[in-house]
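Undergrad: The FMN binding site annotation in TrEMBL covers 12-17, 59-62, 97-106, Asp132. Marked as FAD binding site by TrEMBL: Arg350, Arg382, Ala383, Phe384, Ser385, Gly416, Leu417, Cys418, Ser419, Trp605. TrEMBL lists Thr460, Ser515, Arg516, Lys530, Val531, Tyr532, Val533, Gln534, Asp567 with the feature NADP(+) binding site. The domain 'Flavodoxin-like' annotation in TrEMBL covers 6-150. Feature annotation from TrEMBL assigns domain 'FAD-binding FR-type' to 206-447. Positions annotated as region 'Disordered' by TrEMBL: 188-207.
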Amino acid sequence: MPSPQLLVLFGSQTGTAQDVSERLGREARRRRLGCRVQALDSYPVVNLINEPLVIFVCATTGQGDPPDNMKNFWGFIFRKNLPSTALCQMDFAVLGLGDSSYAKFNFVAKKLHRRLLQLGGSALLPVCLGDDQHELGPDAAVDPWLRDLWDRVLGLYPPPPGLAEIPPGVPLPSKFILLFLQEAPSTGSEGQRVAHPGSQEPPSESKPFLAPMISNQRVTGPSHFQDVRLIEFDILGSGISFAAGDVVLIQPSNSAAHVQRFCQVLGLDPDQLFMLQPREPDVSSPTRLPQPCSMRHLVSHYLDIASVPRRSFFELLACLSLHELEREKLLEFSSAQGQEELFEYCNRPRRTILEVLCDFPHTAAAIPPDYLLDLIPAIRPRAFSIASSLLIHPSRLQILVAVVQFQTRLKEPRRGLCSSWLASLDPGQGPVRVPLWVRPGSLAFPETPDTPVIMVGPGTGVAPFRAAIQERVAQGQTGNFLFFGCRWRDQDFYWESEWQELEKRECLTLIPAFSREQPPALFSALQEQKVYVQHRLRELGSLVWELLDHQGAYFYLAGNAKSMPADVSEALMSIFQEEGGLCSPDAAAYLARLQQTRRFQTETWA
């Protein structure tokens, strides 16, 4: 390989942008181009001034926010003191991944593209806008854009004479070599790198804290359709501290049954020990894997065998397949023409990597172990809003977890990896420890004691507001207004008695919305409709306007990202017009000002 010429930097929240970036790296190597692929926040951003050719792949999250692993880069690149010629030697291209059902579709990619031009960068192509809503997914936009990209790149960097492109059907060398050990080493023991009590450095993804689980309690009624858990951890001695609005990240594991099935299908010995050796000098082994490592540990704690495979999985599997019929089908699934059929087979029913491997048994049995880490992505940590305050529960951390389970046309129900794993843990049966660490969330609450706070948290979206209310009440702040929405008063009214006690003490004003119960006769006009938090906001429009416009209140929203944030914003707009007498453009400008000054903050998830 020639010296690295192409740099691919990604900002990824769910793994799609990382997957596309790694595809770019593979396609570059096939074209005999040196290529580095890195997360944006792991790259020393000051070095950008020396990079001749950079491809940025970035997702847009929430309401137009950058992913967590590019937030530091985002802050740096928009510094006002950067000169307009800072990147004048750099050719670049920006590939965006978003969802057109959101108002700020691919906002991060569009804004980054404009900023790189302002700093003197030269765009090879217009920004690519991948769309999750397209029937073929982001690939519908990404595939033709990549064809154009390689035409431009190879015009600038033609391959060395006599070196032909590596054909698509030939597998590239694996990233790692698995060196199998004949016997267990005499010293050292396998285990996760963890932060120990009393450690100087705070827990992190590379060194989580193994927190003892204290309790795991179902908080929805027995007849309720959803299992929601209040889970408490002991963080004594961990060095973890947090404030209201922060989030905890939890590293889940695969179930023992899935691990056993995977090892059977691939013909692996779960107890086999190996050392992991990178093929390239600039590639390091994953910090989460011990050295030596057992196959059981690799599959249990690292390989995401319960995730829905991406197209790149089928491309590599087709390269590795020695079975003619299976290889033919895998090639079809990995081709541009086969994306509709792949979507029907894999994405629509949410078929997992393990299930796909079971459907292609001859191919699975022939997979060289060296390729496991190329083929299967790493299990990603899951983020949960912290639902408690250290001022009320010292050395404790609580979360509210909705256990994800739904049916598709496949016989086996689909289950969320992390929520199902957490729900299966029972501290009453013996000690349970969960790897976790904490990071700042997107919600920040005012420090001034007399500033009122309006919180809108339907369902499990109420979790960060419980932490905020506990914290504010402990500090003597009483201007707390909570709009909480659920289905039934007696089934999913989380922390009902706690809220009622705070109301009695005049520390909280609670406005509930029960969407499946008949509204009071006062609202008979809504009798045939479900009552949601946005309806309650409108009913109390004069109070909301008084708090926002006359008392300088902060407004917070947390919960499902689909239609609820737009419905709440619409309710606010109507309040500004009806109670504040603003025309529609002025109401929109008022809302925008609240957002710009951080007096309107959201934390939403898909």
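Quick reminder: no glycine exception, Cβ is built from N, Cα and C everywhere.
Please treat TrEMBL annotations as automatic predictions, because they have not gone through curation.
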Undergrad: Of all the binding-site residues given, Ala59, Ala383, Leu417, Val531, Val533, which residue's CB has the most CB neighbours within 10 A?
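TA: Of the binding-site residues Ala59, Ala383, Leu417, Val531, Val533, the highest Cβ count within 10 Å belongs to Ala59.
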Undergrad: Spatially, which candidate from the binding-site residues Ala59, Tyr102, Leu417 is nearest to Val531 (NADP(+) binding site), comparing Cα atoms?
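TA: Looking at Cα distances from Val531 (NADP(+) binding site), the smallest one goes to Tyr102.
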Undergrad: Run through the domain 'Flavodoxin-like' (6-150) and tell me, per DSSP, how many residues are helix, strand and coil.
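TA: So the domain 'Flavodoxin-like' (6-150) is made up of 58 helix, 34 strand, 53 coil.
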Undergrad: I'd like to know which of the binding-site residues Ser12, Thr460, Asp567 sit within 10 A of Ala383 (FAD binding site) at the Cα level.
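TA: The binding-site residues passing the 10 Å Cα test: none.
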Undergrad: Rank aside, I only need the closest one: which of the binding-site residues Arg350, Ser385, Leu417, Arg516, Val533 has its C-alpha nearest to that of Tyr102 (FMN binding site)?
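TA: Going through Arg350, Ser385, Leu417, Arg516, Val533 one by one, the Cα closest to that of Tyr102 (FMN binding site) is Val533.
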Undergrad: Roughly how many angstrom lie between the C-alpha atoms of Ser12 (FMN binding site) and Ser385 (FAD binding site)?
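TA: Given the Cα positions, Ser12 (FMN binding site) is 19 Å from Ser385 (FAD binding site).
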Undergrad: Among Thr460, Ser515, Arg516, Lys530, Val531, Tyr532, Val533, Gln534, Asp567, listed as contacts of NADP(+), what is the widest Cα spread in Å, to the nearest whole number?
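TA: Spelled out: the longest distance between any two Cα atoms in Thr460, Ser515, Arg516, Lys530, Val531, Tyr532, Val533, Gln534, Asp567 is 18 Å.
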Undergrad: Give me the CA-CA distance between Thr460 (NADP(+) binding site) and Ser385 (FAD binding site), in Å, as a whole number.
TA: 9
Undergrad: At a 10 A cut-off on CB-CB distances, which of the binding-site residues Asp99, Asp567 has the highest count?
TA: Asp99
Undergrad: Have a look at the binding-site residues Gly15, Gly62, Asp567 and say which one has the shortest Cα distance to Leu417 (FAD binding site).
TA: Gly15
Undergrad: Of all the Cα pairs drawn from Arg350, Arg382, Ala383, Phe384, Ser385, Gly416, Leu417, Cys418, Ser419, Trp605, the residues the record ties to FAD, which distance is largest, in Å?
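TA: Across Arg350, Arg382, Ala383, Phe384, Ser385, Gly416, Leu417, Cys418, Ser419, Trp605, the widest Cα separation comes out at 26 Å.
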Undergrad: Taking the Cβ of Ser419 (FAD binding site) as the reference point, list residues of the same chain whose Cβ is under 8 angstroms away and which are at least six residues distant in sequence.
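TA: Result: Arg382, Val401, Ala402, Val403, Val404.
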Undergrad: Can you tell me the CA-to-CA distance separating Arg350 (FAD binding site) and Arg516 (NADP(+) binding site), as a whole number of Å?
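TA: With the alpha carbons as reference points, the distance is 29 Å.
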Undergrad: Looking at the binding-site residues listed here (Ser385, Arg516, Val533, Asp567), whose Cα lies nearest to that of Ala59 (FMN binding site)?
TA: Ser385
Undergrad: Which of Ser12, Ser385 has the fewest nearby Cβ atoms, counting only those within 10 Å, among these binding-site residues?
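TA: Output over binding-site residues Ser12, Ser385: least Cβ neighbours within 10 Å is Ser12.
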Undergrad: Return only the integer: C-alpha distance in Å from Val533 (NADP(+) binding site) to Phe105 (FMN binding site).
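TA: The Cα atom of Val533 (NADP(+) binding site) is 25 Å away from the Cα atom of Phe105 (FMN binding site).
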Undergrad: Of the binding-site residues Gly15, Phe105, Ser385, which sits closest to Asp567 (NADP(+) binding site) by Cα distance?
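TA: Given the candidates Gly15, Phe105, Ser385, the nearest one is Phe105.
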